[in-house]
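Here is the structure we will look at.
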């Protein structure tokens, strides 16, 4: 690994992505199956409408912030592949941010490099940007928020957080752990938070640090909820979110509010997807789902999120990871692009895992790929062969949920829990413990 430095890795990654974008243009022109994601065509049409002075929501199925269409306006006059290059650049930025986060916590160089490689050369990640999906931008923004928090830049983190929630609403699930994370014992006025460094012991024996799972700490967080850092973060992030939302509501009215935000809260998609709920929605699509049915679908997701937050909030990156995996696994709609949401966090937790690639890690990889391939087989028979395999596809979704749950349990059991911050030497509680 020493023979290949980090600059060479990023250069090779960039060239590889450019090659994939160019290949995608060729495949779109010469083959029946397109390389470009259908969502990219939606983004491009919406940006073309915005460039012409029209609402991007005149393009049916465009259900994103107008900011995305604005970023892709150069598609209309510069190159139709502009957005792919933008998303792939964000993809590379994610790799850079992974390295920055790990180096700040003094993770050894070889582990940093392996973690960056895990992102840059993951087939799910390098294809998502080159096919024209916007998720790498969201991943880059989330990791930049983490970097800001680690450096005590609460206002900057809050600005980016308000923006990312407006841009893609799912990061709202990180609000509560961030509030817990802004502990006044670590975020003291005029002082930079002290990071807990990686040590070789983290990779050997699994241990649950009381700093992470101590229920008293969570109770103290509730009691001292109104601290300067927490109020500042809430006010700034909320203001940014409301400003962006209000501005675009002024420009595009209720159509924007429904398509970009409200639609995602009430979405019921009858098309087959990885979610265990799709079959029920498909069978009952002709009638309006009752309030109870909608509540039941959100309840497991909500309960699991709360449990994970209360257990792991101090180990922020691991908390983000398990939250995201659980959120996707229990969501009403799951598509392959959602997997990128937690793939960008996976390299950030592996240095604190004692799971060996052989055999436990390999079993987890094969289980996840096998469950997904099994689902894709039934999906192919339904989509391309017209077979009536809805029931089998739903059972494959159940199996996929079970696989995700088992892998999450395995990762949790083999994770060495470690808070991101340590107390300043002058704090009272630190003195007591000493």
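Yeah, the Cβs are placed from backbone N, Cα and C, and that goes for glycine too.
Check TrEMBL against the ranges 389-411, 412-434 and you find transmembrane segment recorded for 389-411.
For the ranges 137-159, 160-182, 183-205, the feature annotated in TrEMBL as transmembrane segment maps to 160-182. Among the listed stretches 231-252, 302-322, 334-353, 359-382, 389-411, the one sharing the most Cβ pairs under 8 Å with the transmembrane segment (160-182) is 231-252. Proximity of distant same-chain residues to the transmembrane segment (231-252), defined by a Cβ-Cβ separation under 8 Å and at least 6 residues beyond the stretch ends, is recorded for 55-57, 65-67, 154-155, 157-159, 161-163, 165-166, 178-179, 182, 260-261.
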